[in-house]
Structure formats: C-alpha cells, structure tokens
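Lifted from Swiss-Prot, the feature list:
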type: BINDING; residues: 139-200; note: ATP binding site
type: BINDING; residues: Glu290, Asn292; note: Mg(2+) binding site
type: DOMAIN; residues: 113-320; note: domain 'ATP-grasp'
Amino acid sequence: MQVKLKVLLIGSGGRESAIAFYLRKSVLLSELKVFPGNGGFPDQELLPPDSFQVLDKNSVQSFLKQNPFDLIVVGPEDPLVAGFADWAAELNIPVFGPDSFCAQVEGSKDFAKSLMTEAKIPTAEYKTFSEYSDSLKYLESKSIPIVIKADGLAAGKGVTVATSKEMAQTALKEIFKDKKFGSSGNQVVIEEFMEGQEASIFAISDGDSYFLLPAAQDHKRAFDGDQGPNTGGMGAYCPAPVISESILQKVKEQIFDPMFDLFRKKGHPYRGLLYAGLMISPNGEPKVVEFNCRFGDPETQCVLAMLDGDLLELLYRASTGKIKGVQAAVKKGAAVVVVLAAQGYPDFYEKNIPLNLPETSGQNVHLFHAGTLKKDGKVFSSGGRILGIVAQGADLKSSVDQAYSFLEKIQAPKTFYRKDIGYRAL
C-alpha cells in the first residue's frame, strides 16, 4: 500500500496505548491524534479535551467536517453502540469498528443471545427478564451455580457467577431494585453456568472476509488463584494453549462463520473487530460466553505484541473492505500483560496515586498507560486499572519473569497486581 494516513484513535485505556504504540511503527502513518487519551500519550498527539463529545452525533460530525481523517480507530464499546461508525460513514470516513446495529452484540446481552440462537451458535441456555418478580420465580427452579447478567453495558462488571441462591437473589435485587447499572439493568439475562477454561479470540473483518488473531487467556478475578470480584481484567497471556488447532477450526466453523453470515443476511456486514469470549469445555467443545464489538482490554496489549506486521495496514484494509487473502503474521514465543491496579479496585479505589515509572527502552518490556493523567510533568493514577506491563519472549515463562521483574521496579503506593498471571499454561 502506498498511502499516507492521518489517523484518529478514540479511547483512553491500556488498549488504546497499545494500539497507538503499534500504529506509530507503521510506514503508512502520517499523523496520529488521540481523544481523550491518558497520561502516557505525548502532548502533540492529544486533541484538546473539549474537541467534541464522543457520544453526541452533531458534536462528532461538526468536528470531523473541520478536521478530516483518513481512518478512525474506535477503542471502547460505548461510542460504537451509540453509533459513532454510522456518523463517520455519513461523512465517508472509514472507521475501524462496527455500525450501531452490529455493536448491539455487546450493547445488549439479550440481542447477542437471540442472534446466537438464530445462527445456532453454541452458548449457555438462558432466559431474559424485565420484571424482578419473574426473575426470582425462575431462579427458584434452577440449580446453582448460575450466572446473572445485566443486559446492557456495565464496563465488564455486570456479571455475577452466583454460587448460592442468596448470592443470585442479591445480584438480581442490585440490578432491578437498587439500579446498580442504571438503564443497563432494565433487563437481566439468567444463564446456565458453564464448566471449563475461558479464552478470548479476536476476528478482524471487512464485512466480507475475516482473519483471526492469536488466542489469549484473560484473568478476570481481582486476586491470585482466581479469587475475589470480577474486574475488567487483571492480566492476560497469548497464545492460549487451551485453543488447539482442532478447537480453532470449530471456533471458525461453529462461531465466527455463522455470526458473520447472519450479520450479512441482516443487511449489516460486520466491519471491525469481533471478540468472542469463549468457554472451552473439558472435552474440547467451544461455547460463547459473550461477544464484544471491539478489542478486549487487557488482552489486546499482549495479542498485538505477538503480531508481526503492519497493524495500521490491517485496520485500514478491514475498514475499506480489502482484507481478502490477508493473514496476520504471528511471532514465535509468547507475550504476557500484567495489570497494576489501585487498591480497592474494582469497587471504591484510591485515585491520584503518584507514579514513579522506570525506563523500558532496550528491554522486551512495554509499559502501557491506562488510568493515568499528567499534572505538571508528573504522572498520577486516575482510574482503577493504572498500567499494563507487557513482555514478549521466547516462551511464556521468560515473558512472565520479565514482566514481574519490571513491575517490582515501579514505585506506586496503594496499588496491587496479581502474581499468578499465566499460571494455567506454566
């Protein structure tokens, strides 16, 4: 490809820091702008904080008319569910990310489950409720453990794996009565508990063709040994050995092929990234836990470390309908990301923690900012997940060792991290 591209990246997390890091390496990049960004981005890449409102169509379109871009890469799910890709398409600007119809696959658990039923995609049995009393009645007839999910977006925290009836009842009360997730809890999906190992697989699609990135395994629970509350993710590694070649074939044939076919049939070819969160049963059968309409975080940070090629070219081709025949070259070895989080995360957590960060240059380690901000040249925490430390090496053990030895050099009071990331594959 002989084009030079001015790119706008939307988002502020570790995922966006990683995407930006690999976009900068592209020979196709003429200029990168980021909105709203975080404390790790160079000032010249950041748009002013009042540039536009990312969930407001008029605001977005008026900004884009005055500031044209060749490609927009949308990191988080909220703008996609709101219609960001549709708004940019009206101005003929390519977007890496699906339209608002397709983005409902993450925006509504009920929508996703109904699509899976229609496409005969393997997933847990479920029922959707809009009335508290009906959900409680249904719960009585079910065995434990059972999974309670708020229907709408809840930043990865709307799911409870209930190990007792009381826990399930509390989860339903919090969603329906206490409005813990606001309108995202107007409906609740109750589904059967699935046994097995989880894995994440990302597919990049141009609406017609698609290819898969290497599988990763995320660690959702806050504490070592998979204890504690669910979080947005405390670390991940890639590739995930639980996904063998034969399982990968099943994932393509039973999950991605029928899903992309169904979107085309509905008149909405899926352009962008479709993330399948999978449960692999003990006998090697993949089932879908959830779909997301964007790169996962933190998995993206280690998956992109394994890509051997031009990320910008891949994203631009996907956004302009030109990925037929393209394959993502993958490095040998393994990569890991470990998340440094604020004490108290995922509930009420410390903020404004001063961060003293060592240099990473000359090492196979990258430090990706997430919940950080810059004040007077110094970096402070601003979110629950503060940093992602990524290492890529000859094998998982060497990558894990590098990541943890770097983490020990970071001076940040009132923070914590899991010390067992990758344990299932070590």
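Placement of Cβ uses the backbone N, Cα and C atoms for every residue, glycine included.
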Report summary line: Glu195 (ATP binding site), DSSP three-state class -> coil
Query raised in the report: Around Lys179 (ATP binding site), which residues of its chain at least 6 apart sit with Cβ under 8 Å of its Cβ?
Result: Gly185
Query raised in the report: So which one is it: of the binding-site residues Leu139, Ala155, Ala171, which has the fewest other Cβ atoms within 10 Å?
Result: Ala155
Query raised in the report: If you measure Asn292 (Mg(2+) binding site) to Ala155 (ATP binding site) at Cα, how many Å is it?
Result: 11
Query raised in the report: For Ala171 (ATP binding site) and Glu290 (Mg(2+) binding site), what Cα-Cα distance in Å is obtained after rounding to a whole number?
Result: 19
Query raised in the report: Given Ala155 (ATP binding site) and Glu290 (Mg(2+) binding site), what distance in Å do their CA atoms have, once rounded to a whole number?
Result: 13
Query raised in the report: What is the nearest of the binding-site residues Leu139, Val147, Thr163 to Glu290 (Mg(2+) binding site), using the Cα of each?
Result: Val147
Query raised in the report: Any idea what DSSP makes of Leu139 (ATP binding site), helix, strand or coil?
Result: helix
Query raised in the report: Which is it, of Glu195, Glu290: the one of these binding-site residues whose Cβ has the most other Cβ atoms within 10 Å?
Result: Glu290
